[in-house]
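Accompanying notes for the structure given below.
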């Protein structure tokens, strides 16, 4: 025998019951485990039920918080409006019912209005224009390669994650986020230093990488900023003053990006994408001859769809209405053939190639299979319905390209001349009056306008300066003089916008747009001598009434629609519609004023400068995607909402919150009861997130707005001929009656001279 271990034999119970005892013990253990399992199961069910209750409570609380937040925003707006009607000197008691405030309320108040008492008035904002011809200190041409800053992969990931957690930035394209990360640069600050100072102009966005930061408003501590959090993002959209301070409590490191680089990144990526898509479309035989504006609309309609290896994009024999362009990856084309059980490979398609184009003409029975050859294949797609609504049916486009449009235009001109002779006569009379007034003021000194003019009253104030009611000395001829501080224009880099306003207004002559007669300049100001419209501001009437009824709102919307129709035909986008920029003439007709953000663009082109009023800007402006005439249609929808309710639909406790509300969209928003079904439909169709889907931007243009059911039966010809009575007309005692305007204190201080010479051609 070996020395290995020997297994002992089991002892046998003398009565032979050892096996039975073992089985009993096992059975007992099983029963005990089953009881324990049932107990645990019951406990788990109880916890799941409790968790369900907690989730339901959380959902209710979330809804309640959202409702309270919305109510708080509404109360804030109402509070601002109430404060607006309390005058600084001897403030009169508030009216019990805003709906009963008479039209001539301004004749019954005499107190001065401080600048702060107009808090309810919405202010425009703007970044530096993308073309800065008149900025003598403009930066050199942007170079992405020069702007890049080296980082390791872990830093890039942490910065990327921080940017993607931000409510605004997470909506940007992945390529834009990637480029932002590449260009952010590191900054180290010692304890006690300020990353941001309250009251100073902002120009950077930051990500906290190391250390501890706290946020203060005055001396009050508001919060601390966690590591890898993004802050200061409003400053990369446009010029703004910081509303709080951010102080380093320890030594800190941040990653920063300035506004100039951010805006160049946004423009660069969007333009590169548009150019690539345009080249794709130019390669399609059905589309290559379309004009630029049609191609641009198709580009804006294209959506990206992704497929993994083996996915069928198209199946043979199916009906289809979608056209595809391969933007990334490879696909194979297979087709059933005689003598083979399985479809046979016909060819392989790569980036830039297209398929399904017949679907744009009519229902197409697919003649082959298109199958993704690899993961993450990307296709640009557009369906026939979208194509037809946006640019027209293929037959309509063919007629357009064959020259039928010239004949149609001639017929339209004849019909228009026959239908609108009264409005043509009115336009001729307006032009004659304008020429006569221009000849009168042409004799005035270009640098000393007040040798010939005297100031009667202040009509309005703003960050730019003031608007004064002036009259020709010894004559009963009045104008509105816009006095713009040159130093302010240079500080905010708005030279291009001021020149643009001058050039555009010099070109215009419409009964729905304020007229420019002459410009002047001296060492402190540039001046615009404008038509005096003394019926008052639409904003102040809306403020006093609370809201308008539907007939009044329709009249206002119709005036704006006619102004937009005129501007867009000339290739001009307005970009700053709001009640504050609508003024009443002596007949109660509305006119657009303040063309500081207006711009002339070519057919099919876009512009990139962030500008407008926060509550009215369109999503594509916020996201720096480039924008065109469709932003005016978006703002028209917002105006309809504000006229009917007294408040714009998107208004947060700060500008960034307002932008996030806009980006969430109007589609799921509940409308108040005072907006009936038809105006609600108009608003929703004007405020589509996708610009190509907006009413006014479809194939029939602005006529779709005029023919909308809410405006059905409106007297457009009477409006253009100014024979339609205005529901907003108020009596004026003469050409210098300014009683419908708030009263303002005199300007404090004298602005410094500004002698850089940017205004030499003004």
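Glycine too: its Cβ is placed from the backbone N, Cα and C atoms.
Annotation source Swiss-Prot lists region 'Disordered' at 1-26 (among others).
Annotated N-myristoyl glycine per Swiss-Prot: 2, in sequence order, evidence recorded as similarity to another entry.
The feature phosphoserine is assigned by Swiss-Prot to 110 (among others), with similarity to another entry given as support.
Annotation comment: Swiss-Prot describes 117 (among others) as phosphoserine.
Annotated region 'Disordered' per Swiss-Prot: 118-138 (among others), in sequence order.
According to its DSSP assignment, residue 233 (3',5'-cyclic GMP 1 binding site) is helical. If you look up Swiss-Prot, you'll see 232, 233, 234, 235, 242, 243 marked as 3',5'-cyclic GMP 1 binding site, on the strength of similarity to another entry.
Marked as 3',5'-cyclic GMP 2 binding site by Swiss-Prot on the basis of similarity to another entry: 347, 356, 357, 358, 359, 366, 367, 412, 415. DSSP gives residue 347 (3',5'-cyclic GMP 2 binding site) a strand state. Cβ neighbour count for residue 347 (3',5'-cyclic GMP 2 binding site): 11 (other Cβ atoms within 10 Å of its Cβ, all protein chains included).
Positions annotated as phosphoserine by Swiss-Prot: 431 (among others). A simple way to gauge crowding: the CB of residue 431 (phosphoserine) has 11 other CB atoms within 10 angstroms, across all the protein chains here.
Marked as domain 'Protein kinase' by Swiss-Prot: 453-711.
Summarising the annotation, Swiss-Prot assigns ATP binding site to 459, 460, 461, 462, 463, 464, 465, 466, 467, 482 and lists sequence analysis as the type of evidence. Neighbour density for residue 467 (ATP binding site): within 10 A of its CB lie 24 other CB atoms from the protein chains shown.
Within 10 Å of the C-beta atom of residue 609 (phosphothreonine) sit 22 other C-beta atoms, taking all shown protein chains into account. Reduced to three states, the DSSP call for residue 609 (phosphothreonine) is coil. Summarising the annotation, Swiss-Prot assigns phosphothreonine to 609.
What Swiss-Prot lists as domain 'AGC-kinase C-terminal' is 712-762.
Sequence annotations record features per position, and here Swiss-Prot assigns region 'Disordered' to 740-762 (among others). Residue counts for the region 'Disordered' (740-762) by DSSP state, with H, G and I taken as helix and E and B as strand, are 0 helix, 1 strand, 22 coil.
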Where does residue 357 (3',5'-cyclic GMP 2 binding site) sit in the DSSP three-state scheme?
helix
Enumerate same-chain residues with a sequence separation of six or more from residue 463 (ATP binding site) and a Cβ-Cβ distance below 8 A; give 'none' if the list is empty.
123, 488
Using Cα coordinates, what distance in whole Å links residue 465 (ATP binding site) and residue 242 (3',5'-cyclic GMP 1 binding site)?
22
Counting Cβ atoms within 10 Å across all protein chains shown, which of the binding-site residues 233, 357 comes out on top?
233
To test your reading of the ATP site: which residues beyond 459, 460, 461, 462, 463, 464, 465, 466, 467, 482, same chain only, put their Cβ within 8 Å of the Cβ centroid of those residues?
483, 484
Per-region confidence, the domain 'Protein kinase' (453-711) (mean pLDDT, whole number):
95
Under 8 Å by Cβ from residue 234 (3',5'-cyclic GMP 1 binding site), counting only residues of that chain that are 6 or more apart:
202, 240, 655, 656
What three-state secondary structure does DSSP assign to residue 461 (ATP binding site)?
strand
